[in-house]
Amino acid sequence: MAPCVAGWLGGFLLVPALGMIPPPEKVRMNSVNFKNILQWEVPAFPKTNLTFTAQYESYRSFQDHCKRTASTQCDFSHLSKYGDYTVRVRAELADEHSEWVNVTFCPVEDTIIGPPEMQIESLAESLHLRFSAPQIENEPETWTLKNIYDSWAYRVQYWKNGTNEKFQVVSPYDSEVLRNLEPWTTYCIQVQGFLLDQNRTGEWSEPICERTGNDEITPSWIVAIILIVSVLVVFLFLLGCFVVLWLIYKKTKHTFRSGTSLPQHLKEFLGHPHHSTFLLFSFPPPEEAEVFDKLSIISEESEGSKQSPEDNCASEPPSDPGPRELESKDEAPSPPHDDPKLLTSTSEV
């Protein structure tokens, strides 16, 4: 027994002397909802500038995934959910390295089922629950764990707030109703994913507390408040309408009272519509031509010369009547009644 202990102790002391690097410690795969993270811890070693390389087995050969990283974890979420994998990691320093540390892993069996999301609606003496399964890493938003596991269900646990007695119910649907609860009582609820065929459970969600109502009667103080508010709103509305109409009436009355009234003759004219029609037709149409009279004035001397033809031969030719012949467009002077002049009038259009 003593030789074995001495050999083991000698080998342990020779490790730092020969420069051998110890492997990573506490290597494990931490997978939640198919987010696969390989984690480890830095080994006890005098030098602190160690790096690490992590690999996974693909088609019977290992592929580097995280090479010479100073981190103590490596993300393997890209792996298929239905395969069996061997992943490994080692510590490195310059050209030296430690032994590999292997971990076997099957995502669909080993991943941890995270807590679902839950919404609660209080209705009378019951609580209506709605669930959402956890989403899958590196998949579209519509993909959840329910799309991966055919036997997916929800396990609901609820209890009255302040008590230790808990009740459970399992539902394969995305909703559940907790009935026959005590009215006006606060209940706390939490939910977890559950695989019926594997009897495998996930993590519990955080408790959510909600108060129930009462379907039979509504509290009298609520009815009183609603009634008072309704009456007050109607009263204010009617009062506002009355004030607006009163202001309009006062403004209209003041306007007509202070304004000047129409003249009496204009009121009489407007009171007989046929006067307006007569006034309209009293003006000539715009296309009608103007009418004027041409007046000719003939003196007695001119008339006498016409009666003595012999005198006309000896006399000089008659002179231009000049200004004694006038044309007037609108009006012409009329001769006096005692003037023996002959007036002739012709109309031209």
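Just so it is clear, glycine is given a Cβ too, placed from its N, Cα and C backbone atoms.
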From S205, S261, S299, the annotation phosphoserine in Swiss-Prot is attached to S299
Among the candidates C209, C241, the one bonded to C188 through a disulphide according to Swiss-Prot is C209
Of the candidates C66, C106, the one Swiss-Prot records in a disulfide with C74 is C66
Between the C-alpha atoms of C188 (disulfide bond) and N161 (N-linked glycosylation site), the distance in angstrom, to the nearest integer, is 6
Smallest number of other CB atoms within 10 Å: among the disulfide-bonded residues C66, C74, that is C66
DSSP output for N199 (N-linked glycosylation site) maps to coil
In DSSP terms, the domain 'Fibronectin type-III 1' (23-111) comprises 4 helix, 51 strand, 34 coil
For N199 (N-linked glycosylation site), the spatially nearest of the recorded positions N49, C66, N161, using Cα atoms, is N161
